[in-house]
Amino acid sequence: METWQEVTVHVHRDAQEAVSHVLIETGSQGVAIADSADYIGQKDRFGELYPDVEQSDMIAIIAYYPSSTNLADVIATINEQLAELASFGLQVGQVTVDSQELAEEDWADNWKKYYEPARITHDLTIVPSWTDYDASAGEKVIKLDPGMAFGTGTHPTTKMSLFALEQILRGGETVIDVGTGSGVLSIASSLLGAKTIYAYDLDDVAVRVAQENIDLNQGTDNIHVAAGDLLKGVSQEADVIVANILADILVLLTDDAYRLIKKEGYLILSGIISEKLDMVLEAAFSAGFFLETHMVQGEWNALVFKKTDDISGVIGG
């Protein structure tokens with residue numbers, strides 16, 4: 001029977017996406033996130049028992065490697081990469097790395113135990129697809145099976161993107177989701193009343209996973225998923241464009257976004273660490289956008305821009 005090697009990295013919450021990327025790049029077959037914030041404030045609504053945890057800024061990122069992997073080399077590389085991330089200004093915290101062997105059947109499902117239903121915004125709750133959940137009145141439930149290589153929607157960058165969509169969408173809009181990943185932002189847009197959603201990702205795996213997640217949610221036939229390199233070659237106009245990806249990539253799409261967004265439409269950009277904030281602001285302002293909202297959670301920033309001639313209450317341009 002084949003065995004797998006489980007590596008757990010304890011880092012600051014702000015480093016979640018960057019460290020997850022490091023683990024995937026070193027050969028992990030997927031990652032899971034254990035975050036105390038997912039449990040804080042949870043109520044035993046229908047007999048569920050949630051762990052008794054204290055709020056902490058540290059999270060555990062669990063990665064799974066084939067038994068043939070030279071774990072000593074992998075751990076050395078992980079530590080080198082984390083030190084480099086810290087030198088760039090990303091808050092990684094006091095890093096510790098643990099490892100253990102895991103049987104095949106345990107590996108297949110072990111990562112799922114770290115995911116619980118999570119209320120993300122006033123209206124939106126993300127629920128793992130394998131969990132039974134009874135929604136309260138008015139609650140909009142996003143069923144998600146992210147797979148081990150995609151986030152579960154609880155990262156600050158995703159939360160802020162979802163909050164922005166909830167504030168902006170009123171029904172009937174056309175939305176473009178750039179770098180859709182698990183598809184969570186597209187599904188949320190549909191649940192919040194958008195008429196048509198176009199979801200693009202350069203990664204073929206993401207395109208497949210996004211479509212699978214969309215199929216888990218009823219009433220999402222208005223979401224169209226396709227492979228795409230940012231907004232290159234896109235001609236469809238939109239009321240809202242949302243992108244939750246790395247800041248260095250965000251700056252490459254602002255001109256195309258301005259071309260595609262209708263007047264009085266919105267551009268939501270998330271995934272921006274603080275040291276990259278000015279770079280993203282400059283790119284959006286140069287494209288012609290005005291800043292309407294700036295959200296911050298820890299080291300992460302999300303920005304809501306508007307394409308408008310009415311500059312009262314907005315900044316930049």
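A Cβ is built for glycine as well, from the same backbone N, Cα and C atoms used for every other residue.
Feature list (source: Swiss-Prot):
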BINDING   Thr158, Gly179, Asp201, Asn244  S-adenosyl-L-methionine binding site
Close in space, distant in sequence - Gly179 (S-adenosyl-L-methionine binding site), Cβ under 8 Å, 6 or more apart: Tyr200, Asp201, Leu202, Ala206, Leu230, Ala243, Asn244, Ile245, Ile249
Cβ neighbours of Thr158 (S-adenosyl-L-methionine binding site) where a neighbour is any other Cβ within 10 Å: 25
Non-site residues, in chain order, whose CB comes within 8 A of the mean position of the CB atoms of Thr158, Gly179, Asp201, Asn244 at S-adenosyl-L-methionine: Ser161, Asp177, Val178, Thr180, Gly181, Ser182, Leu185, Ala243, Ile245, Gly271
Site extent for S-adenosyl-L-methionine (largest Cα pair distance over Thr158, Gly179, Asp201, Asn244, Å): 16
Surrounding CB atoms that lie within 10 Å of the CB of Asp201 (S-adenosyl-L-methionine binding site), all protein chains: 25
Collapsed DSSP category at Gly179 (S-adenosyl-L-methionine binding site): coil
Neighbour tally for Asn244 (S-adenosyl-L-methionine binding site), based on other Cβ positions within 10 Å of its Cβ: 28
